[in-house]
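Everything below concerns the one structure shown next.
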Amino acid sequence: MASLSRETLLNIFLTIGMLALPFVATAIDEPFYITLATRVAILGLAGVGLNLALGTGGLVSFGHAAFFGLGGYAAGILASHALNYTPIMESPFLIEGTNQMLIIWLVAIIVSGIGAYLIGLLSLRTSGVYFIMITLAFAQMIYYFAISWPAYGGEDGLSIYVRNAFPGVNTLDPQGFYFICFALLMAGIWLSATLKNSRFGAALQSARQNEERLSAVGVKPFNIKLTAFVISGMMTGLAGALFADLNRFVSPSMLSWHMSGEIMILVILGGVGRLYGPLAGAIIYIIFEFIFGGMTEHWQFFLGLVLLGVVLFARGGVIGLIAGRARHD
Amino acid sequence: MTNPILEIKNLNKSFGALKATDDVSITLNAGEIHALIGPNGAGKSTLIKQICGGLSSDSGSVIFNGQDLAGLDVAERAQLGLGRTFQISSVIMEFSALRNVMLAVQANAGTSYRFFKNVRTDKKLVDRAMAILARVELEGRADVSAAELSHGERRQLEIALALALEPKAFLLDEPMAGMGPEGSKRLISFLDGLRKEAPILLIEHDMDAVFSLADRISVLVYGRVVASGTVDEIRNNPAVREAYLGETA
């Protein structure tokens, strides 16, 4: 390819910007910006997960907070048991807590994957508005369960007193933790690009556009969509585990429908189905929260205006606005 | 006589009081084109859906290659070798013609759960799909998105998608619909050769096409097969002339 498309250039620019940000923040002595950037990376990763279902697969899930929260609770529960030296369960076999991120991530991915499988199994039998409502309902069920389950803090949530550990990195150093999150965001973006270009991705995009055709060539749309939903939930679940570690706190609010909306909003802001859409959306979201959040507690009013503008005038989101319409081939 | 590839036995389907399919029995033998004709609303599309699995039957059975298809869904029947085209072109609009056929090729190979290899550089997949596009004379439009193809080209793409499945029987729902005279002529000669690969159940309104292609013709009126026979038998059947051909001839 002789020249890079505008979208590719924009993606490279965003990547370099995210890479440089912590160094700039340190240079100008604003370490808080690193925390903001970490939030961007984590919410971006959650959005990358949703974008696989929403953008590539056309599955408008309004319940991704369920996976975000499941990942968060997986991290919180494992860490709290590790801290108290109490096993999670003793019979039929012993499961102990851990403060190792690698294990926590694995558990978060598995737990949110199982959650996505069960929720997908039932909700993917519907489509359109019903699908939106059923995914929302499942997420709210888990939300109320978390509130009413006193063992892990119930309504008050669960604190992680010391951020979990990663081999060779000081996770308590904001930069160290930021780069872990950034690396996982990049891995998530790479995975979603790879999936989209694969045979599975071709089938998934077909499931979004024309299920009748996909069945007629002998592929079951339901199974394709369920697989995508599970992978999508796993990515968002991993983001949830990171989010718990960032805040050193897990609460039912991670599971609430506000969270689902937040993830969806940033995907739409950035550009549905665009590779870097969730990252661009997360950047805008966090900037708005930071700037307008400092002025008024009603900062989401301004975010709402921007969202309205995007939906009405820039259907491809910010990425679409800058880089033009998506190319199809 | 050998067993038919596709055997439809006493199939029924009602929508409320309307009998859309009324005790229909049809066979499709190796190497033949069996045309199914009938006026609008005769139940041809309903019958196709019942055969393909898109619509359940009230009673009766569809036997394909000796296997009863009851309980199998559309995708499972396609995997067994039922290659259908749609009356109204049904393709993946955002995909190029090539990627449409590539989808059918990967589906036929049962490899839709490969997650990592990029399809664009998957030479085996691309080459196979290009060869199929060439068969329907669409290779020059391989990279054009399906949304930008002309109506006639989309009809050709429909055929290509069915070909890619290497089916054991074709179900073609009005493949000539909306094609120009030149395109129809080319398609007729193509289908003429295709029957050697797999038999064709052909639903078609274009009577020239039907009479020049069909080995056998069945006439469907109000969900019932009112006549079935060779081209000459159907042409000279007074009931058929009255019910159907009289209007269109």
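Glycine residues also receive a Cβ, built from the backbone N, Cα and C atoms like all the rest.
Any TrEMBL annotation is an automated prediction that lacks curation.
What TrEMBL lists as transmembrane segment is A:9-28 (among others).
The feature transmembrane segment is assigned by TrEMBL to A:34-53 (among others).
The transmembrane segment annotation in TrEMBL covers A:65-83 (among others).
Sequence annotations record features per position, and here TrEMBL assigns transmembrane segment to A:103-122 (among others).
Per TrEMBL, the feature transmembrane segment maps to A:129-152 (among others).
TrEMBL lists A:176-195 (among others) with the feature transmembrane segment. Long-range contacts of the transmembrane segment (A:176-195) within its own chain (CB-CB distance under 8 A, at least 6 residues past either end) are made by residues 15, 18-19, 22, 34, 37-38, 41-42, 44-45, 48-49, 51-52, 56, 101, 163, 166, 169-170, 201, 204, 228, 231, 235, 238-239, 242, 245-246, 275-276, 279.
Positions annotated as transmembrane segment by TrEMBL: A:222-243 (among others). Tertiary proximity for the transmembrane segment (A:222-243) is limited to same-chain residues at least six positions away from its ends with a CB under 8 Å from its CB atoms, namely 41-43, 45-46, 48-50, 52-53, 56-57, 59, 61, 64, 66-75, 101, 104-105, 108-109, 111-113, 115-117, 119-121, 124-125, 180-181, 184, 188, 191-192, 195, 200, 203-204, 207, 214, 254, 263.
Annotated transmembrane segment per TrEMBL: A:263-288 (among others), in sequence order. Counting same-chain residues at least six beyond the ends of the transmembrane segment (A:263-288), those with a Cβ under 8 angstroms from any Cβ of the stretch are 7, 10-11, 14, 18, 36, 39-41, 43-48, 50-51, 54-56, 62, 64-65, 68, 185, 189, 192-193, 196, 236, 299, 302-303, 306-307, 310-311, 316-320, 323, 326.
According to TrEMBL, the transmembrane segment annotation covers A:300-323 (among others).
Long-range contacts of the transmembrane segment (A:300-323) within the same chain: residues 5-7, 9-10, 265, 268-272, 274, 276-277, 280-281, 284-285, 288-289, 292, each at least 6 residues beyond the stretch ends and with a Cβ under 8 Å from a Cβ of the stretch. For the transmembrane segment (A:129-152), the residues of the chain that approach it from at least six positions outside its boundaries are 59-66, 69-70, 73, 76-77, 80, 115, 119, 122-123, 158, 250, 252, 255-257, 260, judged by C-beta separation under 8 angstroms.
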